[in-house]
Ligand code: BGC
């Protein structure tokens, strides 16, 4: 069973105290999570010799998380990833959003859920894992252009099997859209270990959603068979990244694509595994969501200085962001992200760490 301690982690621009919560389980794994954006600041997991290292990219203090950045470890909302033209139509009305990524909107707009100070409460974990951290953010009607007051709750827990579990819930008082995720960047060799090309990835997906040059899904759902997007068997990431003759690798600047999961639905099921051969660390990922954005950290360029002074270079971390598909208000063949009053958006995603 894990227990949680907390300490101050800086202040917001309007002077509110930010805290850092540290989970420790019986196996010695620990995780630091902040009430600022629900950011996973650190995750310490064992390698095959039992040596612990911090395997998630992040900053030492709260201040850089308040700036525009690569969303290290943060909760993303109301809408993860891109909506084309920074607008959507719902019930015949057009809603205009912030253009914060060319002509499109990305990760909730100018000030998404990653920049909000969430209300924090230590509760009993829903899965018997001891203490859990429940974060709540109430997004007012019209915030960032989205209709309806959205009450979002994300509960973090850590089991003795080294599984970090994120339970998401949201309710609304008007028809709206919602797509929440966490944007952790993992490097299983250690957060400062550099290029992730040697990581071996498996994703249980027969299909993915191709993107245009602005990284927005075109609406096509394409088979992964015979493409660099076939991760149905354990496959190192580097060789696919090198396939710059592939239009999709070019459009994404590497991997920056939504995979259509073969699993996902009512039951929490395994959809991916990442293995790092030099340390033996393994991350298994489970979800109830229909898609995952596999992002290979293509836009990192060494300008973000993180924990211990690490300069995070291009492709020094990878993200597996579980989600509804990006641009899913344009394409009716994608699962619908619409949430109506009386319904509950309810999803779970977890990451389980081991070594071999
Ligand atoms: C997107 C990338 C984007 C990154 C932001 C990912 O979810 O797919 O295109 O650059 O987030 O850091």
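Placement of Cβ uses the backbone N, Cα and C atoms for every residue, glycine included.
Source: prediction; values computed, not measured.
Annotation comment: TrEMBL describes 183 as active site, proton donor. Residues or ranges marked as active site, proton acceptor in TrEMBL: 321. What TrEMBL records for 81, 82, 183, 184, 185, 256 is beta-D-galactose binding site.
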Whole-number Å value for how far the residue listed as 'active site, proton donor' lies from the residue listed as 'active site, proton acceptor' (Cα to Cα): 6
Binding-site residues close to ligand 1 - of 82, 184, 185, 256, only those whose C-beta is under 6 Å away: 256
Max CA-CA distance, Å, over listed beta-D-galactose-binding residues 81, 82, 183, 184, 185, 256: 18
For residue 185 (beta-D-galactose binding site): DSSP state (helix, strand, coil): coil
Number of Cβ atoms other than its own within 10 Å, given for residue 82 (beta-D-galactose binding site): 23
Cβ neighbours of residue 81 (beta-D-galactose binding site) where a neighbour is any other Cβ within 10 Å: 29
The residue listed as 'active site, proton donor' versus residue 256 (beta-D-galactose binding site) - Cα distance in angstrom: 13
